[in-house]
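Student: Reproduced below are the annotations present in Swiss-Prot:
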type	residues	note
BINDING	17-23, 33-40, Gly66, 124-127, 158-160	GTP binding site
LIPID	Cys206	S-geranylgeranyl cysteine
LIPID	Cys208	S-geranylgeranyl cysteine
MOD_RES	Cys208	cysteine methyl ester
MOTIF	37-45	motif 'Effector region'
Amino acid sequence: MSAQKRVFLKVVILGDSGVGKTCLMNQFVNQKFSREYKATIGADFLTKDVVVDDKLVTLQLWDTAGQERFQSLGMAFYRGADCCVIVYNVNNSKSFDSVENWRQEFLYQTSQDECAFPFIIVGNQIDKDASKRAVSLHRALDYCKSKHGSNMIHFEASAKENTNVTDLFETVSRLALENESSRDDFVNDFSEPLLLSKPLNNTSSCNC
């Protein structure tokens, strides 16, 4: 791979508390899974370098709290996102019902074009007993199809068994890069560094 500018991409991961957002991140970044549940307070993020189409990409994966009392912080954490992942638990119908609320909250806070901005919907915890499943694959796909014209992809995964986790984040990386590339490329693209410490020539006689 030839030397070239590193691309930084921000990915926001949303969903109700306890659906496994942190577990998916840790499995992808650290290849670790913990059975212990610890609620995310506010937001946290992990980074991982990946190569997409011969480009070096640093993914910033933002894990946001699912509790309602932290949703007011959304604008600060959503700003600058290149892709949004919304996670639900296939064994919890309520968490799936919340998917559209999370999507609308993100769109409201960021003013993104809902037809163009990439969303990935993830049904997590498919490793559990199938008899306990509350959200069928058919139901989830029907939801995605109902958003005509939207840039939305659905995955099912298991953070515990590392099922589809790599494929999921490879798709996230590709969609985020495509979205970033579609915007005007003016950030960090100067031929020379800006010398902010250089004094300005003051030709004004005003002392104010």
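Glycine is treated like the rest: Cβ placed from N, Cα and C.
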Student: Looking only at the motif 'Effector region' (37-45), what is the model's average confidence as pLDDT?
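Tutor: That region's mean pLDDT is 57.
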Student: If you count Cβ atoms within 10 Å of the Cβ of Gly20 (GTP binding site), leaving out that atom itself, what do you get?
Tutor: 23
Student: May I ask you to report the DSSP-based helix, strand or coil state of Cys23 (GTP binding site)?
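Tutor: DSSP call for Cys23 (GTP binding site): helix.
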Student: Pick out which of the binding-site residues Cys23, Ala159 has the most other Cβ atoms within 10 Å of its own Cβ.
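Tutor: When each Cβ's neighbours within 10 Å are tallied, Ala159 leads.
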Student: Over all shown protein chains, what is the count of other CB atoms within 10 A of the CB belonging to Ile126 (GTP binding site)?
Tutor: 20
Student: Measure the Cβ-based neighbour count of Ser17 (GTP binding site), defined as the other Cβ atoms within 10 Å of its Cβ.
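Tutor: I count 14 other Cβ atoms within 10 Å of it.
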Student: Work out the three-state DSSP category of Ser17 (GTP binding site).
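Tutor: Going by the DSSP assignment, Ser17 (GTP binding site) belongs to neither helix nor strand, so it counts as coil.
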